[in-house]
Amino acid sequence: MDALALEASGKKLPNGASTVPPAPSTPAKRKPAKKTKKAVVFFEVEILDAKTKDKLCFLDKVEPNATIGEIKSMFHKSHPQFYPARQSIRLDPKGKSLKDEDVLQHLPVGTTATFYFRDLGAQISWVTVFLTEYTGPLVIYLMFYFRVPFIYAPKYDFTTSKHWVVHLACMCHSFHYVKRLLETLFVHRFSHGTMPLRNIFKNCTYYWGFAAWMAYYINHPLYTPPIYGEQQIRLALVVFLFCQIGNFSIHIALRNLRPPGSKTRKIPYPTKNPFTWIFLLVSCPNYTYELGSWLGFTLMTQCLPVAFFTLVGFIQMTVWAKGKHRSYLKEFRDYPPLRSPILPFVL
């Protein structure tokens, strides 16, 4: 009888072994292998004085994802007089300052990183700077307009001009600087929180000094109206108001590009507002409209100090516009090539 028959009958084999095969053994469950944690490589950061090359600070076990802003905070703990906004951290003593959002492990440094520190001096917030710069011209101009004592001859104290263009010029000048103050408080979003305190004296000298110079001649008792009379004044008023609205529209468009609290930069494009369509041709149309406003004010008052202020402002705004235009071209490869910095097809 073969083994299959014996198995079916349930009999045992001659040697006493059972014909029923043993049940297959279940394989033992393997324990999941423990994931090995990657070792974090910490950095050592050495901060030297950019001028003397003296060691100012040594930071041990700095995490690789630490930002320059966090390193500034660590440096501030050992040097309390240098708060983060006052610090300039750079890779080279004469190089450019690193951004606060730059990450340590993404910089061209080894695990032992050497940075150079430069003191930027006492800092002041941009909001404070703008409020100070713009409040001065507003108040100074009104002092000349109302002819407060010690400006003109005593017989003209607190008198008013007989020319209506003088009153119109005061309203336009005041409107311009009130607009700037309101934009500073409610519209502008600054990529940099502070600027050196010493700059406020230079900026205020510029704005306040020119405001006094312009106001002195426009509100002078011997002031003469524009040569072409009302037609010239009305045309100038249209130009001034048009450019003021355009300037405000550009500021709103730029504000909407940057979410609150961020430093992200995007290419500005025209919106549904027709005043923003100039973005098709110009990188900094806020400066274009600003120039147009002062050209209108120059035409309205026909005053040489106003024309000189417009010229100096145009030169300065051109420098700013060219710098911003270059940064756009460097940062964005798809930046529209047709745009000019401040004047379409010209400059």
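Cβ coordinates are placed from backbone N, Cα and C, and glycine is handled just like the others.
These numbers come from a predicted model, not from an experiment.
Among the features that TrEMBL reports, region 'Disordered' is placed at 1-32.
Summarising the annotation, TrEMBL assigns domain 'TECR-like N-terminal' to 43-119.
Residues or ranges marked as transmembrane segment by TrEMBL: 124-144 (among others).
Across all of the domain '3-oxo-5-alpha-steroid 4-dehydrogenase C-terminal' (194-347), the predicted model scores a mean pLDDT of 95. Residues or ranges marked as domain '3-oxo-5-alpha-steroid 4-dehydrogenase C-terminal' by TrEMBL: 194-347.
For 203-223 (among others), the entry in TrEMBL reads transmembrane segment.
Away from its own ends, the transmembrane segment (235-254) comes close to residues 168, 172, 175-176, 179, 183, 187-188, 226, 268, 271, 273, 275-276, 278-279, 285-286, 288-293, 295-300 of its chain (Cβ-Cβ under 8 Å, at least six residues beyond either end). Taken from TrEMBL, the feature transmembrane segment covers 235-254 (among others).
If you look up TrEMBL, you'll see 275-297 (among others) marked as transmembrane segment.
The transmembrane segment annotation in TrEMBL covers 303-321 (among others). When Cβ-Cβ distances below 8 Å are used as the criterion, the transmembrane segment (303-321) is approached by residues 210, 213-214, 216-218, 283-284, 287, 290-291, 294-295, 297, 341-342, 347 of the same chain, each at least six residues removed from its ends.
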Remote residues contacting the transmembrane segment (275-297) - C-beta distance under 8 A, at least 6 residues beyond either end: 169, 172-173, 176, 236-247, 249-251, 253-254, 268-269, 306, 309-310, 313-314, 317-318, 320-321, 324-325, 328, 336, 338-345
